[in-house]
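Asks: Handing you this structure, nothing more for now.
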């Protein structure tokens, strides 16, 4: 029996549950949601290439598409956020471009520069920038409400040491950030992808960490934080395996004073949930 025919026979409450399940099953098979490319090279029989070469091309295409710093989510931009984007965006949002810009010119000065990946709604970013006025912060976030929220905070607090790129962080790192140029990287509470079969989607993976490390100056730091213990353990393992990085402590670090405690984090701590900070530094004499 077809799904919609079956729905007609259900009660109203069961219909709502069934519709949810039908919609969810449809989304699961979306190749873009799964991170799978829709532009893979044709198989060897069609392209005339040797089978091994075609397989290698497919693996490379899959690899490129799977390494992403975000998952597409819908969100509504508020009136205040839209106004901030219209008024402050031209000054503080840097368009993505496949080239390395003059960051000193963009920030209007030469100062220590910290990259934050996935700043969410920007509250922590704004607070850190306010307490560290001598540093410049480059925030990368793909979700428009978050970009608007941070711009709104910047306007309210007159913050000028933040710039924003609304784009995938992997491509930003690869194409817009020079090797050995960052003084720090912040990755706070990335999506934990808590189901075991989804762990491969986690941001902190060996190849991505190697890319991050290559953009850090010798002696610069990489600070990650998570409230999911299994992810914290993976972070510790992956960061510890990167030869150019060195842990600043034995295991997990105390929360640095500059990282504010979020409302969500504070609630979790009251309920007995853990939070794990990891702070690594790039070894001296390790160029990108």
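Cβ from N, Cα, C; glycine included.
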Asks: Say TrEMBL lists 195, 262, 263, 264, 265 as binding substrate: which of 136, 168, 180, 227 is in the same site, per that record?
Replies: 227
Asks: With TrEMBL as the source, identify the stretch among 30-59, 60-89 annotated region 'Disordered'.
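Replies: Range annotated as region 'Disordered' by TrEMBL: 30-59.
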Asks: Which one is it, among the binding-site residues 116, 168, 191, that lies nearest to residue 227 (substrate binding site) by Cα separation?
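Replies: Going through 116, 168, 191 one by one, the closest to residue 227 (substrate binding site) is 191.
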Asks: Measuring Cα to Cα, how many Å separate residue 264 (substrate binding site) from residue 191 (S-adenosyl-L-methionine binding site)?
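Replies: Approximately 14 Å lies between the Cα of residue 264 (substrate binding site) and that of residue 191 (S-adenosyl-L-methionine binding site).
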Asks: Look up residue 191 (S-adenosyl-L-methionine binding site) in the DSSP assignment and reduce it to helix, strand or coil.
Replies: coil
